[in-house]
Amino acid sequence: MKAVAMPTVSRVAVCGGTHGNELAGIYLVREMLKKRADGTEPVSVVTVMSNPRAAQLCVRYVETDLNRCFTRAALSAPVSETSPYEMIRSQELNALLGAQRSVDLLCDLHNTTANTGLCLITYSDRDWICLHICKHLSTNRRFVKKNTLFLSAMEIGPQPHGVVRSVIFSAMQEGVQLMMDWICQFNSGTLFEGGWVDVYTMVKNIDYPRDSETHMISAAVHPDLQDRDFCLLHPGDPMFLCFSGETLRYRGKEALYPFFINEGAYYEKGVALSLARKRRVQIPSVRSETLR
């Protein structure tokens, strides 16, 4: 594939605390805010505490999930003093970061209770910048054995909500630094060779089994599935263990990859796990438009 010339990445936003109890990103953003820019940095970095009220209270959100407030309808809806805090905050963040492409790349930092390792989540499998960054991270010894999801967020687990684990904080810190290193090399004119990247595309969410009358959860994730994020789930494999002792098996017609297995924040959303297909995407060589 012919090398693709792309605009330089001159301004990056690093956001933490979108969910106020996902502490690795919150503490990393606080650490980054201590370092004042002196104008000599090769890339301008905007560091943002996305949901400061939730972070102060160490809760996922104050009134509604901020991460679900960035639809076109929500961002264009009229708001007032009585509007949910996160609705107001999403429009503030959109004005700060989204208006007229005020940043070229946004990295939103998240934690999960699931055993995902480090995941990069993007909205397109043709986002060559994000996919090259992921390819760059996958060559690092810390991340080479990690399962990586490409769906613009960096998600790392497992870590309980309301807790910061040093190994997770360090992995996130290193992931952000490797991302910035790649951007600096890209902006300087380095040619990054293309190749193949494994991509996981979400197919559907699976809810917990529930009592037909009370609608309460009647089973937990089966021990053979727990912590096996991004490990292939075959039809007939154990999926849930009922509180009565019965094993419920995966009834799908195709083998898929589970992720966000037993995520603590998703109980309220009725999601026990998500399923994805895996495929290989060919990415072209890229270089910045500074050298053509």
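Indices start at 1 and increase along the chain as displayed.
Even glycines carry a Cβ here, placed using N, Cα and C.
What TrEMBL says about this protein:
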- Glu155: active site, proton donor/acceptor (ACT_SITE)
- His19, Glu22, His110: Zn(2+) binding site (BINDING)
- 10-129: domain 'Succinylglutamate desuccinylase/Aspartoacylase catalytic' (DOMAIN)
- 197-278: domain 'AstE/AspA barrel-sandwich hybrid' (DOMAIN)
Checklist line | Pairwise CA distance, Glu22 (Zn(2+) binding site) versus Glu155 (active site, proton donor/acceptor), rounded so that it is a whole Å | finding: 10
Check: At the level of the C-alpha atoms, what whole-angstrom distance separates His110 (Zn(2+) binding site) and the residue listed as 'active site, proton donor/acceptor'?
Finding: 5
Notebook entry, point to check: Which number gives the other C-beta atoms within 10 angstroms of the C-beta of His19 (Zn(2+) binding site), all protein chains shown included?
Noted result: 26
Item checked: Between the residue listed as 'active site, proton donor/acceptor' and His19 (Zn(2+) binding site): CA-CA distance (Å) -> 12
Check: Between Glu22, Glu155, which of the recorded positions has the fewest other CB atoms within 10 angstroms in the structure shown?
Finding: Glu155
Item checked: Listed in sequence order, residues not in His19, Glu22, His110 with Cβ within 8 Å of the centre of the Zn(2+) site Cβ atoms -> Gly17, Thr18, Asn21, Gly25, Arg60, Asn67, Leu109, Asn111, Thr112, Glu155, His161, Ala265
Check: When you measure from the Cβ of His110 (Zn(2+) binding site), how many other Cβ atoms are you left with inside 10 Å?
Finding: 22
Next item on the list: Could you put numbers on the helix, strand and coil content of the domain 'AstE/AspA barrel-sandwich hybrid' (197-278), residue by residue per DSSP?
Entry: 6 helix, 34 strand, 42 coil
Next item on the list: Check the domain 'AstE/AspA barrel-sandwich hybrid' (197-278) for me and report the mean pLDDT.
Entry: 97
